[in-house]
Every structure is written in structure tokens, then in C-alpha cells.
Amino acid sequence: MTQTRQQLGKARRWIIKIGSALLTNEGRGLDHEALAGWAEQIARLRASGREVVLVSSGAVAEGMSRLGWTTRPHALHELQAAAAVGQMGLVQAYESIFQRHGLRAAQVLLTHDDLSNRRRYLNARSTLRTLLALGVIPVVNENDTVATDEIRFGDNDTLAALVGNLTEAQVLVILTDQKGLFDRDPRAHADAQLVSEGLAMDPELLKLAAPTFGQLGRGGMATKLHAAARAARSGAYTLIASGREPRVLERIAEGEQIGTLLCPDKEPLAARKQWIAGQLIAKGELILDTGATKVLREAGRSLLPVGVTHVKGEFSRGDVVTCVDPDGRPVARGLVNYSADEARRIMKHRADEIEGILGYVDEPELIHRDNLVLL
């Protein structure tokens, strides 16, 4: 047992994400026996003093079963209908199963809109923290019924990581039908080796994760690695493991070397910067010259208009924008001090020239370093 695994086992607040394949009867609705098994393991974690937030897939699969559909639909309105029907069964199942262990569950449905708005983000954080303080197990899912393509998280791995940021959890456990991350595709290479530990933000790991998509789920190993990187921003460890392993949650809590453990390698971001980093949808893009790129990456300074060569998109003051280098690679994300039109007028100019161009000066920086997060 490594020291890191021991620390993992001592973590108090856990986010547990369980994929569709582990909750359904091969697409034929919910597997109530499987749900009962997960509830029993979670109840034991709670009895040991740990707090648990459950991010559960399965609503669409259950809805498909109730509606008699055998193939996952592609049309958004059909997915939303299936989610609405299936959510009823999912909530009823969790409420009943957790009651057997003397536990209360709460349904929490979120969209990216809820987390991109600062006030709603803080409200969601307060609600989740209150539920945990009351000993309740929040069961979180994306609000598929109202989410549009523009405001979707895209997968529950991403949602789980953002909920981890929201609640300042120490551990994110992503349970899947795979044993973890391998150095080669195990389906094609019999000698593929499991990656036991790594750094959550190591770009080399992404090269090992070819995107995969099943009929019921939306994400593959690549989405799980991106989720781990997001979770690391608040200092959380991510453990990707097979939900087919017996007593998997208890064994993780005991510090057993199971699955792939991805560790944070930087200090946690401040709460406000976690919120900025968690924005999945940027309103615009600022293309930087090589000098500005270097200053941001190496010194983490504020972004001045003189270092911007192009402005893409339409945005307002206070919106989230992405900063990219001359080759289009993301450098940072931040809250911009000027609208897109204003930014186009002052780009390539020094800060002391802003008033002469616009007739006023809101801020000398396009993005202040306190509102800037390096990617």
C-alpha cells in the first residue's frame, strides 16, 4: 500500500460517479440488485464517517426501457423525454434503497447554466454543503430535461468533477466497466499494463486514452482524464476503477491498490478561480502574441491589450473568454474587463492609450490576474 493510497483512504468527502453500464440491465432499465449493492457500500462509507455525493447515470437508460426503446436516440427532444421518464424510476429506486440503511437521499439536478452564473453557483454550493452537513446523500444528475446543446455538461464525468470543485471534495471516484487506464488498448493488446498512478494534468496520459462511446453512456476514458484534471484544480485525487470489482468502494477506502489513481500536482486554486476554470463554455477567444503568451505562462501576470493580436466571438464585460497562443493552443481562461467590440479597438495598444481610443478607462488590463486561470 502506497502512502498516497493511505491518504486517499483517509479522505472525508467523496464524490462517487457510477456509469450507466453499472446501473442497468444491459440497457433494459435499472438493475435494482446492482443499485442495492452500491447503496450498501455507500452506507458503509457513511458509517465510517465519510460524506458522499453520488453522481448517477441511468435516467436515460431507464427511460428508454420504460418507453420500449432499444437504441439510444440522437435527437435532443427524445433524449430529454427519456430522461424525464427515467428520472422518476431512478429517484424512486435510490430513495427506497437508501431508506433500508436509514439514510436519506436528495435529488439535485444541474445544468451548466447553473454553474456558469456566479450567484447560482454559490447557491448550489450552499445547498450541497447543507445536505452533507445534515447527513443526506445528494444524488446528482444533469438536468437533461431542460439542458440544450449549448449548456450541456456533455457527460457525468465532467459533472462529477465540477461537483467536486463545488463541494471541495478530497476524492473523486469514477466507476466504470474498465479496470482503469492502460498503457495500450487492452482490447487489441493482451500485454497492456494498467497505469497504477499518475499526475492528473499529465498531457502524456491523454495520448493513452482513445475516445470510446457506448450505446448508453456518453463518455470514454479521455473524458475521465479531463474530469480528473478538473478535479485536481481543487486539490482532489481521482480514482478510476472497475465497478465490477467486489467491494470496490470499501477496498479503495482501505487503501488497496486498485484502478488508476490520478494525483493533483499543484496547489488548489482559490474558490473563485475554481469557478472560472470550471466554465465549459467561453464566450470568446483572445489570440495572444508570443510575448504575452510567455508572460502568462511563466509569470501569471495580468493580460494587457498590447499582447492581443486578434479577438474572436462576441462577449460582454465580465464574460469568460479563452486566451490562446499564436498556434491556437489554450493558455488561460479569465473574466474579461471589456466587451468584444472594445477589445478589438484597444488590442495591440498600450494601457496608457486606452482612454484616447475609447474615451474612458475601466481597467488597464484586459484580464486581471486575479480573474485569470492558466490551463
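Think of each number as a place in line: the chain as shown, counted from 1.
Cβ from N, Cα, C; glycine included.
Residues or ranges marked as ATP binding site in Swiss-Prot: LYS17, THR176, ASP177. According to DSSP, ASP177 (ATP binding site) sits in a coil region rather than a helix or strand. Long-range Cβ contacts of ASP177 (ATP binding site) within its own chain (separation 6+, distance under 8 Å): GLY19, ALA21, LEU22, SER242, GLY243, ARG244.
The annotation substrate binding site is assigned in Swiss-Prot to SER57, ASP144, ASN156. In the structure as shown, the Cβ atom of SER57 (substrate binding site) sits within 10 Å of 27 other Cβ atoms.
For the domain 'PUA' (283-361), the DSSP counts in helix, strand and coil order read 28 helix, 23 strand, 28 coil. Residues or ranges marked as domain 'PUA' by Swiss-Prot: 283-361.
The Cβ neighbour count for ASN156 (substrate binding site), using a 10 Å radius over every protein chain in view, is 26. Long-range Cβ neighbours of THR176 (ATP binding site) (same chain, at least 6 residues apart, Cβ-Cβ under 8 Å): GLY19, ALA21, LEU22, LYS224, ILE240, ALA241, SER242, GLY243. Rounded to a whole number, the C-alpha distance linking ASP144 (substrate binding site) with LYS17 (ATP binding site) is 17 angstrom.
Counting only residues at least six positions away in the same chain, the Cβ atoms of LEU54, VAL55, SER56, SER57, ASN156, ASP157, LEU159, ALA160, LEU172, VAL173, ILE174, LEU175 sit under 8 Å from the Cβ of LYS17 (ATP binding site).
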